[in-house]
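**Student:** Below is one structure. I have some questions about it.
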Amino acid sequence: MAFNWFRRPNNESADTPETQNQEETPAVEATETETTELDTADLLAFAKAAYKNIQEKQQIEPESSVAVEENTITEEIVETEAEAETASVEIATNTAEITDDVVSEIETANLSFLERAAAEREAKQEKLIASAIETEIPETLTNRTETEVEIPELVFDDGFKWSAKVLAAQGRKAEDISLEEITWLKKLRQGLDKTRRNILNQLKAIVGQGPLNQAAVNEIESLLLQADVGVEATDYIIAALQKKILAEVTPPEQAIAYLKEILRGMLDAPLQNQDKPSFAPEKDQLTIWLITGVNGAGKTTTIGKISHLAQKSGYKCLIGAADTFRAAAVEQVKVWGNRSGVEVIANPGKNTDPAAVVFDAIAAAQSRETELLLIDTAGRLQNKKNLMDELSKIRKIIDKKAPNARVESLLVLDSTLGQNGLRQAEVFSQAAQLSGVVLTKLDGTGKGGVAIAVVQQLGLPIRFIGAGEGIEDLRPFSSYEFVEALLSG
Ligand SMILES: Nc1nc2c(ncn2[C@@H]2O[C@H](COP(=O)(O)OP(=O)(O)OP(=O)(O)O)[C@@H](O)[C@H]2O)c(=O)[nH]1
């Protein structure tokens with residue numbers, strides 16, 4: 001069964017992971033505070049067990065799939081070779097049985113029989129392999145980017161150990177951990193590297209010193225603001241820290257654990273008021289995600305990445321290309337649809353009505369029993385009123401045509417814009433009845449703290465987080481993993 005990324009047990013307080021019924025390797029179960037005290041030897045043993053397990057799986061799985069591909073190519077070569085060679089060479093390595101034609105050719109050459117035969121065979125093989133590969137690869141694959149077919153490297157390094165520790169602290173078992181999860185966590189940690197190095201390491205040092213005097217408070221305030229945590233969220237964090245770390249001397253580990261707890265609490269706060277049990281799409285039911293955001297925020301890329309994730313998590317997915325305002329937008333979405341192998345419903349005409357595209361996309365989704373329909377929307381219209389009108393028209397069509405669908409309206413935000421991105425967000429939040437945020441481009445920004453500002457100021461949960469341009473570089477958001485990457489990476 002496909003690994004469901006939308007339902008991955010990825011929170012410290014998450015329910016017992018589905019996979020926990022396997023008893024072989026004990027999970028290193030721990031709370032946040034306990035984790036820091038966990039025996040390094042235990043963690044190393046856990047990481048080693050996870051590594052060994054992935055290695056063993058890799059030996060069985062990818063190699064067998066590679067072998068299948070290789071066999072197909074070889075068979076193809078043999079077939080093509082057989083056709084092409086009816087009147088030509090058939091050379092056995094040692095006996096060199098050679099036809100008359102070849103004999104006459106070879107006699108004129110200065111090379112020995114065997115050398116000549118080997119050279120000819122090699123040239124022919126190369127040609128055949130090239131033509132076999134050319135005709136064999138399906139069109140969808142030829143359009144894929146390098147990152148899509150890239151097999152992540154398995155290296156037992158600091159990143160691996162850190163990722164294994166984060167998973168262990170969430171009650172995961174060594175034998176359930178996949179390379180894909182490790183790869184993502186490493187990416188997240190690396191993405192937040194700049195924020196962590198620039199600011200949060202200093203923050204940790206101050207918080208870890210014990211009671212907060214006024215100088216320490218001022219310093220923390222300034223560091224949080226530099227990380228784009230925002231004024232409101234910064235005030236909240238400081239008040240919460242002061243409440244926890246009062247007069248008595250708190251051990252540094254404990255103080256940092258408090259800080260992490262405060263940040264996690266803030267990031268999860270919007271989920272507390274939600275009546276919906278889960279964000280994940282349901283099987284055999286239509287879920288519609290309306291994707292909004294200004295041009296350049298990473299909307300199209302996000303749609304591509306989510307559709308890929310949905311496909312591999314076993315959902316039937318479809319994309320509706322309703323950004324008809326910008327000429328190239330539909331084409332861009334189609335490219336991503338092609339990459340993820342998800343069909344795109346678009347209207348080829350010029351100046352088409354986006355609501356009509358949404359109508360068609362819902363009809364297609366219903367007739368194909370689609371489980372997740374992703375709708376791309378315009379990022380910019382002539383003015384705010386047009387944008388609001390368009391989004392509300394789309395929403396009406398959805399409510400009318402798919403009254404039973406579970407609808408989410410997600411805003412894609414570029415985290416490199418920091419606080420400026422939040423101002424744009426406010427416009428969308430009025431127009432699109434937003435229910436969540438996708439935070440993109442966390443890699444390479446020192447403004448990772450904006451995640452906290454987003455939640456605090458918009459009151460919306462972060463649903464996905466993007467940390468790279470590749471198709472694998474976006475995953476559902478986990479406050480636990482984010483805070484660990486931010487403060488303990
Ligand atoms: N580094 C990095 N780049 C990203 C990420 N997400 C998107 N991008 C890049 O951001 C740029 C804009 O992404 P798009 O998906 O085209 O953005 P859009 O919001 O659809 O904007 P338009 O195409 O103008 O409508 C592209 O170069 C993407 O590769 C991310 O998580 N990290």
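The first residue you see is number 1, and the count goes up from there.
Note: Cβ is positioned from N, Cα and C throughout, glycine not excepted.
Summarising the annotation, TrEMBL assigns GTP binding site to 293-300, 376-380, 440-443. If you look up TrEMBL, you'll see 11-22 marked as compositional bias 'Polar residues'. If you look up TrEMBL, you'll see 461-474 marked as domain 'SRP54-type proteins GTP-binding'. If you look up TrEMBL, you'll see 1-38 marked as region 'Disordered'.
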**Student:** What is the three-state DSSP composition of the domain 'SRP54-type proteins GTP-binding' (461-474), stated as helix, strand and coil residue counts?
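**Tutor:** Result for the domain 'SRP54-type proteins GTP-binding' (461-474), in helix, strand, coil order: 0 helix, 6 strand, 8 coil.
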**Student:** Counting only residues 6+ away in sequence within the same chain, which have a CB under 8 Å from the CB of LEU442 (GTP binding site)?
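**Tutor:** Once residues fewer than 6 apart are set aside, LEU442 (GTP binding site) is near LEU188, GLY191, LEU192, SER415, GLY448, ALA451, ILE465, GLY466, ALA467.
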**Student:** Please check the binding-site residues GLY296, THR377, ARG380 against ligand 1 and give me the ones with CB under 6 A, sequence order.
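**Tutor:** Correct list: GLY296.
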**Student:** For LYS299, ARG380, listed as binding-site residues, tell me which one has the smallest number of other Cβ atoms within 10 Å.
**Tutor:** ARG380
**Student:** Highest CB neighbour count within 10 A among the binding-site residues GLY293, GLY296?
**Tutor:** GLY293
**Student:** So for THR377 (GTP binding site), how many other CB atoms are inside 10 Å of its CB?
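**Tutor:** If we count other Cβ atoms within 10 Å of THR377 (GTP binding site), we arrive at 28.
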**Student:** Would you mind pulling the DSSP three-state label for LYS299 (GTP binding site)?
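**Tutor:** Reduced to three states, the DSSP call for LYS299 (GTP binding site) is helix.
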